[in-house]
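The domain 'NADH:quinone oxidoreductase/Mrp antiporter transmembrane' annotation in TrEMBL covers 138-420. Sequence annotations record features per position, and here TrEMBL assigns transmembrane segment to 43-67, 87-110, 117-137, 143-162, 174-196, 247-270, 276-293, 305-322, 328-350, 377-406, 412-439, 460-480 (among others).
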Amino acid sequence: MLNLGVYLLFFEYFFLLSLLFICFYFTFVSFYPTLINLLLFRLLLGFIVTAFLILGCLFTTAFFSYLETYTVNPLELVLDSSLAGFCYLYAWPFIYIYVFISLVTLLICFAYNRAELLTFQFYLIIIFITGSLLFYVNSLFMFFISYEAFLLPSFLVLYNFAKTRKAVEAAFLMFFWTQLGAVFLIFNFQYVFFLSGTSTFNELSFVLYSPLEAHFLFWTVLVGFGVKFPIWPFYDWLPKAHVEASTNFSIFLSGVLVKFAFFGFLRYFLALGLDLTSWFVYPILIVGFLDASSKVYYQLDLKKLIAYSTVIEMHWLLFAVLNGSSFFWISGFAMMISHALVSANFFLLIDSITRRFKTRLISEIAGVFYITPKLHFIILLMLILFLGFPGSLLFVSEFLFFSALLEFSFGFFLLIFFIAYFAVPVCFFRSWFLLLFGLPSTRFFTAPTAQLTDLSGFESLLLGVIILLLFWFGLSFQFFI
């Protein structure tokens, strides 16, 4: 009988391959709208690909059944019930994020960057395969290979679609920073193998470490994974990558790649069984909070605002996980899902602003309230949700987090409450309010910008669906516990 982890993997492959086939089909139709003689070819192609998907799913099921029956496992995938339970418990929020964000990015790419769609789909498949291995491999070696394989398609998306020299520099900056983290992970994995004599996850939890060894392992894990989260002081590459990336990749980078890096940290950290109450890490997280919040204040590029909010959220999430409390963990997973949706909506709004005003700089945009009322309303609604409007998933995550933090330490409660509800909103809202309610320039009322249009039906529908999901997830949060 197949275990739960195998069914989950089966579902992921079937869903994503079907989704990519649909996008490929519509792309093909859009490129050849007048070639009627290709109708039979399209039908034949659809039949072949559909048959391939069905046979591929059956082969995947039979393959995993064979591995379970005869215990032949060359990739050392998770096949035992304990690790399958781990994948089910902790992987589902990441699966939700991945499926939805992938769908959003493909829709945006199909609507506005159709020339990049096929290439982006190819990179998406690579990310999906490596992500599946990251969830289910039981070997440290395969875990490291699948984790670092995320870098290759991410780098290629940013590099191949680069239109300026700064975009190329941002791609290489992301590459070298993440390779720095890989060096620390290699040292950590080799040291763990030297101490334990094993390279499988289900045996690492039985190994005991001395205090010095535990501190060394903890810091190498934190730096190795923290470069990709990213956390202070390693997050300099993320704002630059967001600025130079296309909208679909910015959504995918913030909503999926960063979250998968966090899952890698979470899975390996729990397998090591290190002390979760590491007080010496909290000052670093507080410094990261304050540093990212201060940089939000003077930013002119709208994408950098969202990039630094991602940095703040990852520090917040790491603080919740390192504490070890179940309330903190639940709030962390809720925060992770809500941030993926909120950041996706903000990047969609920035893309709408850029296509209308031909710039993302706050110093050159003002008076959105007077020029595009629908766009102003959605931005204002997202700012309210950013603060944690009651009923939304952000409100649930923040309520659980601060309830647990109040029991943990009253001093930390006051400090983080001040940062979250005073420092960050003041810096973040200042830029958006200048954009919304500033005095618009006269050039917006003269040709060619005089014909500025408000949000289209497609944009309004996509933004509205994400907002409804935030409220639905918040009101039915028991579904994720």
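Numbering starts at 1 and runs along the chain as displayed.
Here the Cβ of each residue, glycine as well, is placed from N, Cα and C on the backbone.
Unlike curated records, TrEMBL annotations are generated automatically.
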Recorded stretch, among 174-196, 377-406, 412-439, 460-480, maximising Cβ pairs under 8 Å relative to the transmembrane segment (276-293): 412-439
Tertiary contacts of the transmembrane segment (174-196), as residues 6+ beyond its ends and Cβ separation under 8 Å: 140-141, 144, 147-148, 151, 154-155, 158, 203-204, 207, 209, 213, 216-217, 220-221, 223-228, 230, 234, 236-238, 240-241, 272
Contact yes or no, the transmembrane segment (247-270) and the transmembrane segment (328-350), 3+ Cβ pairs under 8 Å, gap 6+: yes
Top Cβ-contact partner of the transmembrane segment (412-439) among 305-322, 328-350, 377-406, 460-480 (pairs under 8 Å): 377-406
For the transmembrane segment (305-322), sequence-distant contacts whose Cβ falls under 8 Å of one of its Cβ atoms, 6 or more beyond its ends: 226, 229-232, 235, 238-239, 241-243, 250, 254, 258, 262, 266, 269, 276-278, 281-282, 285, 288-289, 292-293, 295-296, 299, 328-329, 331-332, 335-336, 339, 343, 346-347, 350, 386, 401, 404, 416, 420, 424, 428, 431-432
Same-chain residues at least 6 beyond the ends of the transmembrane segment (460-480) whose Cβ lies under 8 Å from its Cβ atoms: 92-93, 96, 100, 104, 107-108, 333-334, 337-338, 341-342, 344-345, 348-349, 374, 378, 381-382, 385, 391-396
